[in-house]
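Okay, structure first, notes after.
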Amino acid sequence: AWYVPCLASLETLQELCRKENLRCKAIGITDRNLKSYEVEYLCDYKVAEGKAYYLVKWKGWPESSNTWEPRKHLNCPLLVKNFCRDKNEYLSRVRDGKALKVRNRIKALKPAIADYIVKKAKQRIALQRWKEELNRKKNHKAMILVENTVDLEGPPLDFYYINEYKPAPGINVLNGITTGCECADCPAEKCCPKEAGFILAYNKRKKLKIQPGLPIYECNSYCRCGPDCLNRIVQKGTPYSLCIFRTNNGRGWGVKTLQKIKTNSFVMEYVGEVITSEEAERRGQLYDNQGNTYLFDLDYDSDEFTVDAARYGNVSHFVNHSCDPNLQVFNVFIDNLDLRLPRIALFSTRTIKAGEELTFDYQMKGSIDLTSDSAEGLSPSKKRIRTVCKCGAVCCRGYLN
């Protein structure tokens with residue numbers, strides 16, 4: 001048996017049912033609420049005979065059912081507030097270097113203003129649904145918020161949230177580990193890092209204590225220690241509430257922290273589709289032409305695999321590049337000890353204030369920092385279109401690659 005998932009929103013399906021006078025308990029349309037009305041958003045405004053009226057889009061009803069309603073009939077102060085804010089935002093936009101005056105006694109809105117207000121309302125609803133979807137799919141306790149106060153861009157249409165690597169056909173990201181440490185209180189002489197020939201990566205405050213380039217070996221699912229073990233950090237997921245926001249300098253979406261992050265703290269994992277380096281080279285040519293950068297080489301031990309976060313990823317998909325970043329890349333091994341397939345973790349390099357954007361250097365490769373100078377040694381087949389960097393850092397190299 002097979003099925004095709006429905007891509008229509010719940011409200012769209014409800015609109016179809018009401019338009020055709022159909023009942024469907026699965027989507028919440030019954031005899032009791034078939035004719036119920038709830039304001040979804042406000043579309044337009046006018047003053048007639050001294051009374052203010054709003055054009056109302058009713059939730060679960062097609063736009064052909066929109067009606068003009070007097071202000072006193074509307075019990076939706078937040079939607080009225082959003083309407084007024086969007087109207088003033090449009091009227092206050094700068095045109096030819098001169099801001100337009102906002103008139104308080106408008107008799108009717110121009111079509112362009114009403115069109116902008118409707119687009120903003122639809123965007124607000126779409127971003128809210130996207131935020132709810134992200135928080136349903138994440139596997140960590142911290143919240144994910146979404147914010148766009150810059151333009152009318154909505155959620156990405158071809159992005160799917162995942163919490164761990166999605167291997168391409170023929171790639172196994174788990175190597176069947178069957179043993180773990182026997183420590184009653186990690187770390188001990190036979191703990192996972194020492195068995196691998198390295199020191200424990202964290203101190204007693206669960207902060208990173210090793211230098212960039214060294215691997216992190218965490219306790220795995222076969223270890224005797226419990227979930228509060230000192231050596232279980234990355235596997236617990238992002239501990240901070242983060243916000244995906246629209247940048248105002250042409251860098252698209254970005255990510256900022258909503259909480260203070262101390263130095264050497266784990267922030268997030270970089271996940272995506274695991275593909276071969278040959279496939280990455282093919283996709284890289286396409287992404288370069290689009291001006292996108294989502295490929296992350298897993299080159300801790302070899303250059304066999306790459307993580308592609310273009311379509312599948314988590315919050316890290318939206319983290320922007322900076323030549324002076326506040327996040328550092330580390331290779332992590334937990335339930336998979338295959339040196340060709342490390343997990344990629346991002347740790348803070350300094351204290352990061354609440355509200356500050358999170359960034360990492362796209363040329364960081366864990367143990368190798370690929371600078372623009374070393375890139376000159378690549379073969380012609382490896383050279384690609386150079387993408388201009390917009391990070392704004394004092395030490396900016398000028399290009400992402």
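Each Cβ is built from the backbone N, Cα and C atoms, and glycine gets one as well.
Keep in mind that this is a model prediction, so the values were computed, not measured.
As recorded in TrEMBL, the features of this protein are as follows:
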type	residues	note
DOMAIN	37-95	domain 'Chromo'
DOMAIN	179-237	domain 'Pre-SET'
BINDING	C181, C183, C186, C191	Zn(2+) 1 binding site
BINDING	C181, C192, C219, C223	Zn(2+) 2 binding site
DOMAIN	240-363	domain 'SET'
BINDING	R251, G252, W253, N320, H321, Y362, K390	S-adenosyl-L-methionine binding site
BINDING	C323, C389, C391, C396	Zn(2+) 4 binding site
DOMAIN	385-401	domain 'Post-SET'
Practice item. Report the residues of the chain - excluding C181, C192, C219, C223 - with C-beta within 8 Å of the mean position of the site's C-beta atoms, for the recorded Zn(2+) 2 site, in sequence order. Key: G180, C183, C186, C191, E218, N220, Y222, R224, C225, C229, N231
Practice item. Taking the Cβ of C181 (Zn(2+) 1 binding site) as the reference point, list residues of the same chain whose Cβ is under 8 angstroms away and which are at least six residues distant in sequence. Key: A188, K190, C191, C192, E195, C219, C223, R224, C225
Revision key, fill the gap. Listed in sequence order, the residues of the same chain lying six or more positions from C323 (Zn(2+) 4 binding site) whose CB sits under 8 Å from its CB are D361, C389, C391, A393, C395, C396, R397
Point to revise | Residues satisfying Cβ distance under 8 Å from H321 (S-adenosyl-L-methionine binding site), sequence separation of at least 6 | key: T293, T359, F360, D361, Y362, C389, C391, L400
Check your understanding: Which bits of the chain, at least 6 residues beyond where the domain 'Post-SET' (385-401) starts or stops, bring a Cβ under 8 A of a Cβ in it?
Key -> 249-251, 288-289, 291, 293, 320-324, 359, 362-363, 371-372, 375
Point to revise | Chain-internal residues, separated by at least six, CB under 8 A from R251 (S-adenosyl-L-methionine binding site) | key: N320, K390
Point to revise | Mean per-residue pLDDT computed across the domain 'SET' (240-363) | key: 93
Review point. Which whole-number value in Å describes the distance between the Cα atoms of G252 (S-adenosyl-L-methionine binding site) and C186 (Zn(2+) 1 binding site)?
Key: 43
